[in-house]
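Reading through the structure tokens given below for one structure.
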Amino acid sequence: MKNKKKVSAPLLCSVFLFSVALFLWVFGVYVVGSVGQNYMVEWQFFSLCGSDWSLPIVVDYISVVFSCFVCLISGSVSLFSVSYMEGEMFMRRFMLLIMAFVGSMNLLIFIPSLVTILLGWDGLGIVSFALVIYYQNKKSLAAGMLTVLANRIGDALLILSICFLVNWGEWRIGYGMTGSFSVLICFLVVIGAMTKSAQIPFSAWLPAAMAAPTPVSALVHSSTLVTAGVYLVIRFYSTLIEAQEVLWFLSKMGALTLLMAGLSACFEVDLKKIIALSTLSQLGLMMFTVGIGFPLIAVFHLFTHALFKALLFLCAGSIIHSTMDTQDSRILGGLSYLLPFSSGCLVLSSAALCGMPFLSGFYSKDLILEGAFSGFSGSLEILVMLMGAGLSLVYSLRIMLVGVFGQNYGSSLLGYSVESGYVVSSICILSIGAVMGGWLLQSVWVGVNGSSLVGVFGKVIISVVTFVGLSYGFISGILTKTISKKFFSSLSWFLSSMWFMNLASGSFLAGVGLKLGKMMHLHLDLGWMEILGGQGVFKVLSDGVSLSYFVQKGSLLVHTRIFLILLILFLVSSVMMY
């Protein structure tokens, strides 16, 4: 009976989420799409000092399709959790957290007001912390602390930007409004979004958050938490376009994150961390696209990426679950014979990640590369971006070689189990999205078709970048033979440590930050603040009260002493006056 209850909670959630996703897709295509209009519903609470406090809800292509994809992926994850979390004692609590996560994300998607967006923004941060520390061990707690502290920086910056927006008398975003402090407000919003989307220098928390259960990783690191920052920047783009310095800064940070995460993924050994770093690389690509002035193409890539990245995580989760929780890529291998279905879908999602023609990743990635060539970006920036885009094929090949086609160094066959029906169904649903997602979106949404004019040379470069990664293996083999072993090992250590980003942002938040907090607690809260603050004031007041109580005792001896003291003081003051 208990087992049935455990199964029923995720099944009910998945059926509900699939129904919502289907309704939103039909609504988006036939109502918003056919009319070609955007709708805005606004509920005003009250007006104060020229500022309206209202709850606006925006219904347009971006919000409807994004919400549809979030519900679709969440439904697949819920279905996957039936098998993956079957031994879990508190299944209902897990599903409640997942549903709270989906609710927070939908609040963020549909409400274009910077004040009310904080409800969804903070909800994502709190629930993600609860999900990352779900396994309740030291590693999970450390990862959760790093996640929540990095996200709190973004929250603080957003609250600061709301304070400055009072000067505009308007908190709604997406109207192209400008006013006093516009550059400062844009910087605050962009850096706040960078913390959520783990751009440099806030990149350390994303691989650390892999301590969460794999269904959580599939949901959080593909379509929800990490894309919230990109989505906010895209919604705020009409105001950002007035501050070109901020867009310049955003494109540079995006390109650097793309390169750093791509290089780190090529040297990582943990299967889930390789996929997390590939997510970080794609987020850098989206931020770069917004920075060079193509927000609609960035939205398109965000949607297609959500589909194939969720599939990649679920395939990896299925492999980890079936191989007795093995994540080390040096042990995995030869899975094409043992787990053919999961391995096949892993290859499919990796091909979509590379930008293989006519899979969903190809449509958006090709548009981004064309846009970069036809834009006004610098040559070094273009080179960094092309290197980062080329590296996606390297780490995709690496995932396939270590997981599917390589030599197995693991345990005997007794340690393996086959995928359950729930896992197969959830992977099948996302596989359809990974194959047809890009084509479907382009056919129903004319705005993302793109019309960049690129010459023959540009097209050749794009084709080379898409397929040249196949030769990277030979290049790395030549490099390992020509470069000294010591230098190569130190280089690989530098690259796999995410350019010391873990030490930089992780130590700043978790190490140095917490140590400074402890020192302040000991020396200020329990030291000088006690003497000069509450305890000191209390001691002075208590001494004063006891003195006044002593004076008012009514004893003749006390009154005589007071009379004598006052007399002496009077005599001394009169002598000093003369």
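Cβ coordinates come from backbone N, Cα and C, glycine included.
Features reported for this protein in TrEMBL:
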type	residues	note
DOMAIN	52-95	domain 'NADH-Ubiquinone oxidoreductase (complex I) chain 5 N-terminal'
DOMAIN	113-377	domain 'NADH:quinone oxidoreductase/Mrp antiporter transmembrane'
DOMAIN	395-572	domain 'NADH dehydrogenase subunit 5 C-terminal'
TRANSMEM	53-82	transmembrane segment
TRANSMEM	142-167	transmembrane segment
TRANSMEM	173-195	transmembrane segment
TRANSMEM	216-234	transmembrane segment
TRANSMEM	246-267	transmembrane segment
TRANSMEM	274-300	transmembrane segment
TRANSMEM	336-362	transmembrane segment
TRANSMEM	382-401	transmembrane segment
TRANSMEM	422-441	transmembrane segment
TRANSMEM	453-479	transmembrane segment
TRANSMEM	491-514	transmembrane segment
TRANSMEM	556-577	transmembrane segment
Intrachain neighbours beyond the transmembrane segment (173-195), with Cβ under 8 angstroms and 6 or more residues off its ends: 58, 112-114, 117, 150-151, 153-155, 157-158, 160-161, 164-165, 167, 202, 228-230, 232-233, 235-243, 245-246, 249-250, 253, 287
Apart from its near flanks, which chain residues at least 6 from the ends of the transmembrane segment (556-577) lie with a Cβ under 8 angstroms of it? 550
With an 8 Å cut-off on Cβ pairs and a sequence gap of 6 or more, do the transmembrane segment (216-234) and the transmembrane segment (53-82) reach 3 or more such pairs? yes
Which whole number is the mean pLDDT over the domain 'NADH-Ubiquinone oxidoreductase (complex I) chain 5 N-terminal' (52-95)? 84
Hey, would you say the transmembrane segment (422-441) packs against the transmembrane segment (336-362), going by three or more CB pairs under 8 A that are 6+ residues apart? yes
